[in-house]
Each structure stands twice: as C-alpha cells, then as structure tokens.
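Each remark here refers to the structure printed beneath this line.
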Amino acid sequence: MRAGVFDSGVGGLTVVKSLLEHGLFDEIIYFGDTARVPYGPKDKNTIIRYSLEAQEFFKNFDVDILITACNSVSAHAIEELRSNASFPVIGVIEPGVLALQNRGLDPKSQILVIGTQATIGSGKYQKLLREHGYNNILAKATPLFVPIVEEEIFEGPVLEATLQHYFDSLHPDAIILGCTHFPLIQDAIADYFNNEAVLIHSGEAIVEHLQKELGIKARKKTPSLKLFASENPEKLKKIAAHWLRDAFKTNEL
C-alpha cells in the first residue's frame with residue numbers, strides 16, 4: 001500500500017516518522033512545497049490552489065491514500081482535495097481532536113491549540129473541540145515557530161525567547177500541536193511547561209485514526225520513503241536525516 005504525504009514544508013516529516021514507526025504502509029511518497037512555505041499567512045483561495053497543484057503531483061505515483069500533513073490545508077482545502085481525488089484524503093484536524101478525547105481529559109480542562117494564522121483563524125479546531133464537550137479553549141496563532149523549524153533552530157536562545165513570547169503566563173492542561181512543524185520542537189515546548197501539559201502530536205493522532213477508523217494494519221516489511229521538495233531538496237533530506245535518525249531507507253529524487 002502506497003501513501004502520499006503532503007505538507008507546505010518540512011513539518012510533515014513528523015507525520016512520516018509516526019507512519020514509519022508503525023509500519024502502516026509499504027511505501028511513503030513525501031512532497032514538501034518548500035518553495036512556497038509557509039501556507040499559514042496565505043488566504044483560503046491560495047491555500048486551495050497550492051493544495052490542488054500538490055495533489056496533481058501525487059497522481060504520478062498511483063497512491064492509495066493522501067495524508068495532508070498540513071493543518072492549514074486541512075482547515076481550508078480538505079473538501080476540495082477530496083472531491084478531486086479517486087483515493088481517500090485524510091486531514092490532521094479531526095484525528096487530533098479525537099486523539100485528545102482518547103486521553104480521557106476532564107472536559108473542564110484548559111485546551112491550548114497552537115498553529116498558523118490560517119489554522120487558528122479557520123476556527124475548525126475550536127468547533128470540533130466544542131462538539132466533543134471541551135469549552136475551555138485557548139486558540140493561539142504561533143506563526144514564528146514555522147520559520148524557526150525551517151531554519152533548523154531546535155534549541156537555544158531564539159527558540160526560548162519565542163516560547164516566552166507566546167506562552168508567558170499560560171498554564172494549559174493539554175496542548176494540541178496544530179501544525180506539523182511543531183513536534184520538531186515539542187521537547188522544548190514540553191520543557192517550558194515543566195512537562196505538566198499533555199501534548200497532542202498530529203503524527204500519532206493520524207496513526208490512531210488510520211488504525212481505528214480505516215483498519216490499516218502494520219506491514220511486516222520495512223517501509224520505503226521517497227522525498228520530494230519544490231525547492232532545496234537537500235535541506236529536506238538533511239532535516240529528514242535528523243528527525244528520522246536514518247532509521248529507514250530514504251531516496252530523494
């Protein structure tokens with residue numbers, strides 16, 4: 001079974017890591033639209049256009065499923081992608097909320113949702129959380145985290161100052177990492193909150209969804225991974241080596 005994974009940049013590698021670790025597919029084709037990252041500040045029509053263009057790329061590979069590992073795309077373009085596809089298209093927002101619910105948190109818990117302007121502004125997370133009984137919601141756009149990750153700043157004073165800028169005086173019970181770039185700095189986020197907040201990671205949420213809702217089971221063979229980028233593929237390959245720890249066979253074409 002072959003899966004396509006699409007993101008605006010390198011952040012979707014966090015979803016790829018979870019998919020590889022659980023062995024849900026025989027092959028994963030990853031495309032990062034690094035020439036046009038970030039999608040977060042773009043308007044809805046632009047995000048839809050970029051997403052449909054990326055979807056055309058995957059038609060060259062006869063994928064069985066497409067995972068939009070970008071919250072901005074999941075917030076604004078998921079229906080357009082589904083109507084234009086002959087295969088299932090899975091977003092990251094609903095799996096993230098369901099993963100939170102599966103943690104068994106008290107409905108009165110404060111839920112902090114962080115993401116790009118496009119994701120937070122769409123209100124999709126807030127709406128779904130309320131539908132699942134969570135009303136103590138703080139949704140906060142944290143766009144600076146995206147270029148920080150793209151610049152491979154995973155620790156140090158720049159990241160620490162940005163964490164302070166966004167999170168000063170906040171004390172959430174759980175945090176939904178509403179951008180697939182953010183798990184690359186999840187250790188720093190967890191440390192900032194003294195490891196007291198439950199973190200919901202899109203990659204693990206997608207795995208839960210694929211297993212429970214679609215019945216996809218682990219394969220016995222080691223999955224293969226092909227990496228593609230619209231610009232600077234060597235940077236994508238470098239970050240993949242860091243994040244995936246060279247644990248899997250990767251080919252960058």
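Yeah, the Cβs are placed from backbone N, Cα and C, and that goes for glycine too.
Quick look at what Swiss-Prot lists:
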type	residues	note
BINDING	Asp7, Ser8, Tyr39, Gly40, Asn71, Ser72, Thr180, His181	substrate binding site
ACT_SITE	Cys70	active site, proton donor/acceptor
ACT_SITE	Cys179	active site, proton donor/acceptor
Surrounding CB atoms that lie within 10 Å of the CB of Ser8 (substrate binding site), all protein chains: 34
Cα-Cα distance, maximum over Asp7, Ser8, Tyr39, Gly40, Asn71, Ser72, Thr180, His181, record's substrate binders, Å: 12
Residue among the binding-site residues Asn71, Thr180 whose Cβ has the most other Cβ atoms within 10 Å: Asn71
Substrate site shell beyond Asp7, Ser8, Tyr39, Gly40, Asn71, Ser72, Thr180, His181, criterion: Cβ within 8 Å of Cβ centroid: Gly9, Gly11, Gly12, Val37, Pro38, Ala69, Cys70, Val73, Thr116, Thr119, Val146, Cys179
In sequence order, the binding-site residues (Tyr39, Asn71, Ser72) whose C-alpha falls within 10 A of Cys179 (active site, proton donor/acceptor): Asn71, Ser72
Residues that sit under 8 angstroms from Asp7 (substrate binding site) by C-beta distance, when 6+ apart in the chain: Leu13, Val15, Tyr30, Phe31, Gly32, Asp33, Thr68, Ala69, Cys70, Thr180
